[in-house]
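Beneath this line is the structure, given in structure tokens, with notes to follow.
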């Protein structure tokens with residue numbers, strides 16, 4: 001009799017994806033983030049489900065319902081902060097995962113990469129709408145500012161914004177629909193993640209050397225299951241340290257003030273994981289130009305595979321490209337810092353320089369360095 005693991009129609013799929021999957025023998029800890037993202041997603045769906053049981057998506061009661069969760073619901077404070085800080089962990093893992101893909105040339109798996117970009121956009125949309133739900137000052141004004149960006153679209157912009165708002169300002173209708181979307185999107189993310197894995201398993205994983213590992217594969221279980229569990233424990237330890245010791249470290253104090261359309265906060269800024277894109281948006285004085293730069297700052301990932309000029313897949317043996325990659329990382333950190341600063345000298349100039357450098361590195365410097373390295377190998 002054959003093993004049920006290999007014969008049962010449903011269990012067979014799980015077996016071929018997580019147990020008997022042939023994996024490269026040399027993938028490093030940078031390959032842990034895929035599974036960590038899966039865990040983050042499950043954690044967010046579960047904590048979100050329990051929060052939704054007590055939350056009311058009405059402008060009159062949303063803020064007090066979140067307060068009620070924190071004060072009166074059993075372990076409500078912990079569920080709320082696990083959800084809020086879980087989003088931060090989600091984005092840390094996302095950035096690491098995308099960075100790994102760029103460093104090791106995983107973007108040559110075009111379908112997997114493009115589904116990944118779609119996932120990134122969907123997660124960003126979900127996080128943005130989730131930030132609006134507590135209905136604090138920064139929730140309200142963040143929603144107003146970001147949705148207002150769509151009014152920069154010629155001809156249909158204003159109508160589009162009012163259609164999304166469900167009125168002439170961010171109000172009850174906006175909050176209700178944002179809650180509905182925030183609830184449904186994680187399940188769409190689940191479906192996209194399954195497609196992402198499907199495409200990945202068509203080709204098999206990349207590895208640090210960038211060379212085909214078909215001749216040297218090991219089973220996913222037990223080798224990488226145990227390795228993933230280590231990564232998971234480290235991540236959960238970091239998350240729970242944040243939740244139990246300084247849950248508001250990454251939040252904005254303004255969000256503890258109920259939303260007031262008559263009083264604008266001095267500095268409107270999104271959560272930390274959007275600050276790099278926000279800095280790029282603000283660095284362009286023109287509204288439409290800023291919106292285009294904002295979208296392009298993420299969409300640029302879609303053309304990264306087309307800009308690959310090197311004969312080698314990854315950057316493991318390409319010191320020049322490595323320098324540029326880490327320059328890009330430093331540049332993104334500077335943009336993140338600038339996004340949280342007021343719009344005044346010298347922050348405006350720093351933000352503009354960092355934004356220009358961001359696009360220059362990806363569009364011009366990296367393809368040139370690939371070509372130079374090809375020439376150096378010939379000599």
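Easy rule for this one: first residue shown is 1, then count along the chain.
Glycine too: its Cβ is placed from the backbone N, Cα and C atoms.
According to Swiss-Prot, the transmembrane segment annotation covers 33-53 (among others). Outside the transmembrane segment (33-53), and at least 6 residues removed from its termini, the chain residues within Cβ reach (under 8 Å) are 69, 79-80, 82-83, 86-87, 89-90, 93-94, 96-97, 100, 182-183, 186-187, 189-190, 193, 228, 231-232, 235.
Annotated transmembrane segment per Swiss-Prot: 77-98 (among others), in sequence order, evidence recorded as similarity to another entry.
For residue 182 (heme b b562 binding site), other Cβ atoms within 10 Å of its Cβ number 21. Here Swiss-Prot flags 83, 182 as heme b b562 binding site.
Within its own chain, residue 97 (heme b b566 binding site) has 33, 34, 37, 116 as residues 6 or more apart in sequence whose C-beta sits under 8 angstroms from its own. Among the features that Swiss-Prot reports, heme b b566 binding site is placed at 97, 196, with the record citing similarity to another entry.
Per Swiss-Prot, the feature transmembrane segment maps to 113-133 (among others). Within the chain, the transmembrane segment (113-133) has long-range Cβ neighbours (under 8 A, six or more residues past its boundaries) at 55, 57, 62, 66, 87, 90-91, 94, 97-98, 101, 106-107, 139-140, 142-143, 146, 174-175, 178-179, 181-182, 185-186, 188-189, 192-193, 195-196, 199, 270-271, 273-274, 298-299, 301-302, 304-305.
What Swiss-Prot records for 178-198 (among others) is transmembrane segment.
Note: residue 201 (ubiquinone binding site) has non-local neighbours 16, 17, 21, i.e. same-chain residues 6+ apart with C-beta under 8 A of its own C-beta. Here Swiss-Prot flags 201 as ubiquinone binding site, drawing on similarity to another entry.
Long-range neighbours of the transmembrane segment (226-246) within the same chain, counting only residues 6 or more positions beyond its ends whose Cβ lies under 8 Å from a Cβ of the stretch, are 29, 32-33, 35-36, 39-40, 78, 81-82, 85-86, 88-89, 93. If you look up Swiss-Prot, you'll see 226-246 (among others) marked as transmembrane segment.
Sequence-distant contacts of the transmembrane segment (288-308) (same chain, at least 6 residues past either end, Cβ-Cβ under 8 Å): 98, 102, 105, 107-108, 110, 113-114, 117, 120-121, 124, 149-150, 152-154, 276-278, 280-282, 355, 358-359, 362-363, 366-367, 370. Sequence annotations record features per position, and here Swiss-Prot assigns transmembrane segment to 288-308 (among others).
What Swiss-Prot lists as transmembrane segment is 320-340 (among others), and the listing cites similarity to another entry. Residues 99, 102-103, 269-270, 272, 274-280, 282, 310, 347, 350-351, 354-355, 357-358, 361-362, 365-366, 369-370, 372-373 of the same chain lie 6 or more positions beyond the ends of the transmembrane segment (320-340) yet place their CB under 8 Å from a CB of it.
Residues or ranges marked as transmembrane segment by Swiss-Prot on the basis of similarity to another entry: 347-367 (among others). Within its own chain, the transmembrane segment (347-367) has Cβ neighbours under 8 Å at 279-280, 282-284, 293, 296-297, 300, 304, 307-309, 321, 324-325, 327-328, 331-332, 334-335, 338-339, 341, counting only residues six or more beyond its boundaries.
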Around the Cβ of residue 196 (heme b b566 binding site), the count of other Cβ atoms that are within 10 Å: 21
Under 8 Å by Cβ from residue 83 (heme b b562 binding site), counting only residues of that chain that are 6 or more apart: 44, 47, 48, 51
